[in-house]
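Look at TrEMBL and you will find A:8-449 tagged as domain 'Cytochrome oxidase subunit I profile'. Annotated transmembrane segment per TrEMBL: A:12-35, A:55-74, A:86-108, A:120-142, A:149-169, A:181-206, A:218-241, A:247-274, A:286-307, A:327-347, A:359-385, A:405-427, in sequence order.
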Amino acid sequence: MKYESQKVAYWYILAALALFGIQVLGGLLAGWIYVSPNFLSELLPFNVIRMIHTNALIVWLLLGFFGAAYFLVPEESEREIWSPKLAYIQLVILLVGTLGAVGSYLVGIHGGREFLEQPLWVKFGILVAAVIFLVNISMTVLSGKRTAITNVLLMGLWLLSLLWIFAFINPENLSLDKMYWWFVVHLWVEATWELVMAAILAFLLLKLTGVDREVVEKWLYVIVATALFSGILGTGHHFYWIGLPGYWQWVGSIFSTFEVIPFFLMMSFAFVMVWKGRKNHPNKAALLWSLGSSTVAFFGAGVWGFLHTLHGVNFYSHGTQITAAHGHLAFYGAYVALNLAVFTYAMPMLRERAPYNQVLNMASFWLMTGGMAFMTFVLTFAGTIQTHMQRVVGEYYMDVQESLSVFYLMRFGAGAAVVIGALLFIYSTLVARRSEIIAPGSANPVPGE
Amino acid sequence: MAEILTKSRARNIFYGGSIFFVLVFAGMTVQSHRYVVQTSTAGMPLSEEVVRGKHVWERNSCINCHSLHGEGAYFAPELGNVTTRWGVQDSPEDAFFMLKGWIESQPSGIEGRRQMPRYEMSDEDIRALSEFLRWADQTDTQGWPPNDAG
Ligand code: HEM
Ligand code: HEM
Ligand SMILES: [Fe+2]
């Protein structure tokens, strides 16, 4: 830790990890209800659990992004954060809002647009927190050194906050409601968050591999250019069947196919940097998460996204378990794993200790990644059968679901592995130990030298 | 890409291209907005009842079990075409009675079957909801879903 105020990130990461735990436990509970449907049905219905699961996900990922920004911006700008106090106020607002939202879901007070169910006061809280954050981080950057990484990071964060305004716009016309809803949902994960992801990934690779900054930054601009050029019009892949004009079938199919490119570039970028890099950074676990994130993001967002993005396919697969399979692997690879990479990199510095417990941390990577991959496979099988029986043959939804129960049982098993992995991650990051349980392997030999 | 594509060129392409795509997207949004209002949802008036029904739908977070035009959760059946499936698309009265019967018979309590919670709703709310579902069903969704199963 070079700058005192980077410490702010520590508290953001703690809060994020706590919510991460809640998120996966909520997911496991929802997965159990698929297996045993009468469980809790009178006390805590599925829809409430699902809201907690998805909302906790989004909030902890945002907390992680904020924390990452507070950690890396001082290093990039070479100065302290403009106002650490504002950063703490922002965190308190977000935590009060989160607890308020969970509490009000439990007593049945919520909105009814998927992912945006937060009561109005919480939405305003998020807006205020975002404004505080933007002011604070922009002041820091403007009065310090500007780099491509902070440029792109800031642009991503400004744009995603601006898009939050659409969370307040809920037209009475259902089709319009849906169209503007995607301005938040799609333009977050497939445009603005990609900017944040690319910037953070570039920062991590710069630190971990020691590659020339000039090279990293050029890649960065190329990646984010392909992200926005494809992702903006790619929104059309959600406009096929909700009452919008038919031309979106072509625009959406073509541009969302190009959305694979930035994910492919991010994966290639990560590997090329590691091969080119000469530095042998001691934090191997952070490198594993960085490479893992970009790779799984390519499969989850790129491959599984392309799988159902052409309108001829989507006509049949729309709104089936295929969508759930893709949603899980994409979120996990691109944003969960990336956040865990930052946490793995930053936490040892924030706690001022050597990066120990790497072996446990890496074990949690394989457990979580294996679990999410298996979950994606079984949901894809379930979704394929569902698509055929329901959309092609025309059998009734509830009857089809009954024949899928074996997949839901396997999904629960996969979920249990993910939960154990998540707890292991939290344990290895927070509970200090003196030494490795198992000594890590020797440092990578530098090829050809 | 070493010489031709310098860092500052890459940056300028990024900024310029993004502005271009934002403008194109904004234009298409305006056109789509008009199309929704004037064409695809114009088959039935957006009455006060329909609007109220949408609020009832949201207040109860139906979307976190069901899908509507294929979006939402996948735990319970698609409802964008439910009035067609029930054969009540053209009759407000039948739609109301079917829905009232359905809501008041939940939860089924059948062991091993997914449960829909019991919602205590006034007749006005149920009627608003059935009008909202009829309204959603008349949307021109480019022929989706492929069949009545939804
Ligand atoms: C990291 C990036 C991504 C994330 C986090 C993500 C996540 C999601 C989620 C959660 C949904 C479900 C939304 C709902 O509730 O209705 C979804 C839907 C969809 N995604 Fe992605 N996605 C990403 C990237 C992509 C990419 C790159 C493509 C295309 C190549 C894609 C194609 C689709 C399609 C076609 C749907 C609609 C599925 C349907 O019709 O039911 N996604 N995505
Ligand atoms: C313990 C592991 C997990 C289990 C058992 C689980 C289970 C579930 C279930 C049952 C749903 C509801 C699907 C439906 O509507 O029928 C769901 C939704 C969702 N979960 Fe998870 N989940 C887990 C972990 C995760 C993780 C780690 C992420 C993020 C990477 C995640 C992101 C999501 C998203 C985005 C949705 C909404 C999907 C959509 O609308 O397409 N879940 N999850
Ligand atoms: Fe999308």
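Note that Cβ sites are derived from N, Cα and C of the backbone, with glycine treated the same way.
Distant neighbours of the transmembrane segment (A:55-74): 2-3, 5-6, 8-13, 15-17, 19-20, 22-23, 26, 80-81, 87, 90-91, 94, 98, 101-102, 105, 115, 117-118, 133, 137, 140-141, 149-150, 153, 157, 193, 196, 200, 203, 331, 335-336, 339, 342-343, 346, 350; these residues of the same chain sit at least 6 beyond its ends, with a Cβ under 8 Å from one of its Cβ atoms.
Counting Cβ pairs closer than 8 Å and at least 6 residues apart in sequence, the transmembrane segment (A:359-385) and the transmembrane segment (A:181-206) reach fewer than three and form no contact. Over the domain 'Cytochrome oxidase subunit I profile' (A:8-449), the average per-residue pLDDT in this prediction is 95.
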